[in-house]
Amino acid sequence: MFVAPMKWLLLQNRKTAVDNDDKANLTDDSILEIFEDLAVYPDSNVILIRRFHGDFLELLSVYRPSPQRGVIWENRGNWTIENGLRMKTFDVASARRKNLQRTALKSCLVMTEPNTINHLTDFKDKSIDPVTKANYPWIIHLVNRMNATVSFEITNSWGYRAENGSWSGMIGMLDRREIDIGGTATFLVPERIGVVQYIQLYTHTCSRFVFRRPLLSTVSNIFILPFQRNVWIAIAVFLILVFCLLYLSIKWEYYRDRMTDSAAYWNQLNPNKPTVSDNLLILLGAFAQQGYSYEPYRVASRIVTLMLLLASLSLYAAYTANIVGLLQSTTDSIKTLSDLLNSPLKLGVQDVVYNRHYFKSFQDPVRKAILEQRIEPKGRKSSWMSIEEGVQRVRNELFAFQGEIGTMYQLMQDTYLEEEKCGLTEIDFLKVLYPLLAIQKQSPYLEIIKTGIDSTLFFFSDDTIRLSREMSSRRLMHGIRNSAEDLDQRIYNNLEHQNLYALDLNCDYAIRILRQAHSKRMFVAPMKWLLLQDRRTIINNDDNVTSTYDDSVLEVFGNLAVYPDSDVVLARRFDGDFLHLTSVYRPSPQRGVIWENRGNWTMKNGLQMRTFDVASARRRNLQQTALKSSIVMTNPDTINHLTDYKYSTIDPITKANYIWILYLVSRMNATISFEVADTWGYRDKNGSWNGIVQMLDRREIDIGTAMYLVTERIPVVEYIQLYTHSRLCFIFRKPLLSTVKNIFALPFQRNVWIAIAVFLVLVFCLLYISTTWEYYQDVSTKSAAYWSQLNAAPTVTENLLILIGAFAQQGYSYEPHRVPSRIVTLMLLLASLSLYASYTANIVALLQSTTDSIRTLSDLLYSPLKLGVQDVQYNRHYFKALQDPIRKAILEEKIEPKGQKSNWLSLEEGVRRIRNESFGFHGAASPIYQVIQRTFQEEEKCGLSEIDYINAIYPLLVIQKQSPYLEIIKNGALKLREYGLKYRDEYRLYIKKPVCSSQTSFITIGFTECYFAIVAMGYGALLSVIVFILELLWHKR
């Protein structure tokens, strides 16, 4: 009976009484010790009124933070007849008693996937248990505010009533008071209201049917939809009218023409009388735009026919245009559960506990029918499925899926095309509110939790509310804290470039907050801090000046990581509304604090800035800070030639970047020392890094050298856009076209070859006809016997030889005698001459042509080119790290073929093989081109081609992640480009692809070029031998 909302008023008289012996009798306070064993927890309202001398009443309230803690007495005020009630504070109990003195609370999380326990705070796998992941940090916030601790149990069920009336899952634990707070929000349903207490901390999620609106054609007959009902009626009336007019006009025309003088002729042309079916066919043919056989002769029938054609054309155009639109239209006729039940959509449900419970608990006819007919149809597989499968079926079928909509939309966002996201519709099956936080019924912490939700998760106090409303009116997202709880890193990891942290230095815990920010590296760019300090003075009645500030708080910056990239502004308020703005930073850990005067602000003048220069321009003087760097050398002798531009084919990236780093460091007024590393830095099998990347990751050096931008390095180092024009690629001379294609089929396009074939067939037919006619014509003459002796009868094979001989420009034995055969032969000779001239000219050009068909790695793999790679460390790493099928095949089949010598070569050997063989060599382009420039003949420099193997951009300068000198170095890199210093050094160390100044060269014809001709001769010879053998066998029979 001590639970809220019951109230208790305890009265005690503590006046002292003096007896006849002048002895004072005191009240016994031992009765108050009983409260140590009573359930007077924070929700209780027990007031003790103690009366002392006279009419003075003291008011005390009593409570225990929890069963684990002792009694706490609160002084609530006093009462006298003269002054009335004087309250110590008007704060409600939930505000006064929120400190639970590290009471151990218990909670429970509902997880449908065991791996959720590893991703409660990292926002990964958002589609799995999103309600639990959202509620977990809220519970932590609430518990921290109450100065309590919490332990979590795991269950796989929210909690449902069993047949015996008991509850399972999280609801059962709350009912049995095994836990204090439900860690996962649950739906508000009537049967749970009597068991748990719901708190208005809801999660914006729900479970609904989601589907893509089906096409209109799946639910309606679109062929009757183009016109409204009254239009269809008008069309029907029009057709009847036209039918009647057409019938009358045709009848009149028929009998009118029969009475003319040419009636006999008319009867021959039109033997049949016009019938009703004939008129009907004319009408249908015109309206269907299919035509008809009737031809009107008289004006009346022509007018009727013309009217019919014009009307049918207009209506047909409108009808077909509407049909096109309707074919693409979707329907919004599925709006209710009844529509969904009777729709052509298939249905499925996410297979989770609460869906199975609610679907089987609803007994209304429509929901029951959906379950029995569409979800669990008898004799067929049920439609309980995973959310991934359901979302995929929504995409690919006429399918509606019931599941948690936040998770579904996340999957749709990741997997659907833009046009597939259109027309998504929801239908609510469960008809429940958003999930709410649940706690014990009559929980002693009810009001504290409710107040914590209001003050911690939503708003804090009246002043805070006003500030929050003002910031909201300015469209600023914000979060406000009134306590010294640990800073939550997630606050700034999402939108860190937009974050501003404001801190009141007059708060007691200001230094603690600054040190927490220092330990969590929260002063690095792009985070911004605004520190507020009130330095006004107060003059009291004795003319004494009292300061309201303490400058000792500013001494803490001497030990904080407020380096040149930080943006920490101190706004100090003096008398009136004058604010003085100062920024603070340290050039490096080796140097002290520097305060910059940034300007001031007043209500009258607004913001008056001292300078608008950015921090990287104001703070580039590092006061001789000692920086560290590292360079990579593949040749020890490089150390002697870092600045003299000699041997530019050896370590050109190192030499270029060494000079640029000296420029940058000099511009920052710093010093630098270099270490020599043997590798740029790659990830080992155990996940650790080596080389320069390792040094940067461990913050052993400040600046690295240029290296390729690869995905795995991005989280470890910071890339600066100071790139070196060095690239890795396969370089080869374009092979002759004859090495990759049959050049004898290339002179003509495919349609030309087809035209030639058609022409040859035509000429062959004409030639056969003309020669046969000529032979029999001559045989019939007087000298027939002599002609027959000299000329055998023409055959198909002879005509074929004539055709081939003419086209191959080899001649033939046939001599035409008659004019037709001579014309055909002349046409054949002229055409074959033209085609042969074009063909041979193209063959000559193709013999000298190179192919550009090798453009991709796949082309390179299947080309006749041999491949080799420059034997340097980064090439060996990337070739073995890239495991896609094409690159892996290039390595295994062409670079390191089994049973053969591998093709890891020196630069000079690789370039020599490019010159002498059909060979592709992978390495740094500039050194390869330098060797080519020195050793190749002018015509050998033509046709050089490149294929990128690594697909990486130019190497970029790298520095530490979140380096305090990031912006200073970036600005310095831009200046190197603006001043031309970068291009000057690159011009002296790198060269471009050699220019081809001589395109012509003598080409010796080899077997490759003649391959097709030799193969044709071989097959011809083989065919002749086969035919010869067959002839011998035939004649021996």
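Note that the numbers count up from 1, one per residue, in the order the chain is shown.
Cβ atoms here come from the backbone N, Cα and C positions, even for glycine.
Just so you know, TrEMBL annotations are computer predictions that nobody has curated.
Annotated domain 'Ionotropic glutamate receptor C-terminal' per TrEMBL: 230-344, 751-861, in sequence order. As annotated by TrEMBL, domain 'Ionotropic receptor 75a N-terminal' applies to 503-632. The feature transmembrane segment is assigned by TrEMBL to 231-250, 299-319, 752-769, 823-847, 1011-1034.
Proximity of the transmembrane segment (823-847) to the transmembrane segment (1011-1034) is not established, fewer than 3 Cβ-Cβ distances being under 8 Å for residue pairs spaced 6 or more apart. Summarised by DSSP class, the composition of the domain 'Ionotropic receptor 75a N-terminal' (503-632) is 23 helix, 50 strand, 57 coil. Within the chain, the transmembrane segment (299-319) has long-range Cβ neighbours (under 8 A, six or more residues past its boundaries) at 226-227, 235, 238, 242, 245-246, 249-250, 252-253, 282-283, 286-289. Mean model confidence of the domain 'Ionotropic receptor 75a N-terminal' (503-632) amounts to 84 (pLDDT, 0 to 100 scale).
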